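Below you'll find the structure, written out as structure tokens, and then a few comments.
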Ligand code: F6P
């Protein structure tokens, strides 16, 4: 079999572990040939690829980023790719294509699959917002980074009697804010799923200081919004990939709290730090299992599906099911988090 693999969309710790696992299983078990397309779907469209043998993936299990490079694809180019899907199969002679990516990548994978390409998807995103899988790799690493950052910020905040507003990633789903906020014992957590009122945060900080506490940490997802009219903050414009350009809620909220409280409030934007560096052991294992199962699915001819974690099992689910809706934080998970701060 000839298998093509690519990584697309925002990178994520664990991508290299999937690539390595695909190559190990395909080459060592089945004597397949694996080719890696460079920079996501762009490599597929522009015929930029290289052979991946066992040596090519040696030593990459713990490495962050992706050895293949990644990029986002504009919708028009994707449509063009779908129109030429059968030409591509003949040009590269691939029997299976394994795209590894988030919502945008899997939507593209579904379109290519519908156009006739033999596709097996592998979900990835630090945001953990893909429905049909309990977890995505990269999320555990991002939560660990954000938790450690807040642990560190607490000690310096306390020394200076400050409020720290820590902005983490999460455009539509607040999983990173929820879990890192809980793990670090943040005193306020703001998620995209529910508009927050800055007045509640002001009360919380005042109550803490009134009982002798000397600091507060608030964890806010980048996609969180204040209740309409509660503070000066607008919606951003939409970029060419359909993503909202955020206005910087961490900075705006820190400014607002400082103004209302008369205490120093500092914004800390964690940004891409959450996506870089070595994956945790959990993410390496999940990524490795996804790669292994993707190759098995390809050999069974199970196309148009993606790997998924259900409990502790890896199962195959239809791509169509995976990309219909985002997995957002449900109300009961928010209530659990609220009960601890
Ligand atoms: O989807 C993953 C993610 O890390 C989001 O949390 C974030 O908003 C986005 O990617 C940022 O992407 P980039 O800066 O790479 O375009």
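Backbone N, Cα and C define each Cβ position, glycine as well.
Feature annotation from TrEMBL assigns domain 'Phosphofructokinase' to 2-297.
Feature annotation from TrEMBL assigns ATP binding site to 10, 72, 73, 102, 103, 104, 105. Look at residue 102 (ATP binding site): DSSP puts it in coil. In sequence order, 9, 10, 12, 123, 124, 125, 127, 129, 130, 136 make up the list of same-chain residues 6 or more apart from residue 102 (ATP binding site) whose Cβ falls under 8 Å from its Cβ.
Under the heading Mg(2+) binding site, TrEMBL lists 103.
Counted within 10 Å of its Cβ, the other Cβ atoms near residue 104 (ATP binding site) come to 22, all protein chains included. Here TrEMBL flags 104 as site 'Important for substrate specificity'.
The feature substrate binding site is assigned by TrEMBL to 125, 126, 127, 162, 169, 170, 171, 222, 266, 272, 273, 274, 275. Within 10 Å of the C-beta atom of residue 273 (substrate binding site) sit 14 other C-beta atoms, taking all shown protein chains into account.
The active site, proton acceptor annotation in TrEMBL covers 127. For residue 127 (substrate binding site), the count of additional Cβ atoms within 10 Å of its Cβ stands at 27 [all protein chains shown].
125, 127, 169 are the binding-site residues among 73, 125, 127, 169 whose C-beta comes within less than 6 Å of an atom of ligand 1, given in sequence order. The candidate set comprises the binding-site residues 72, 171. Of these, 72 has the most other Cβ atoms within 10 Å. Looking at the residues that bind ATP per the record, 10, 72, 73, 102, 103, 104, 105, the two CA atoms farthest apart are separated by 12 Å. Geometry remark: residue 73 (ATP binding site) versus residue 273 (substrate binding site), CA distance 23 Å. Here substrate is bound by 125, 126, 127, 162, 169, 170, 171, 222, 266, 272, 273, 274, 275 per the record. The longest Cα to Cα distance in that group is 32 Å. Neighbour density for residue 275 (substrate binding site): within 10 A of its CB lie 20 other CB atoms from the protein chains shown.
Distance noted between the C-alpha atoms of residue 273 (substrate binding site) and residue 72 (ATP binding site) is 20 Å.
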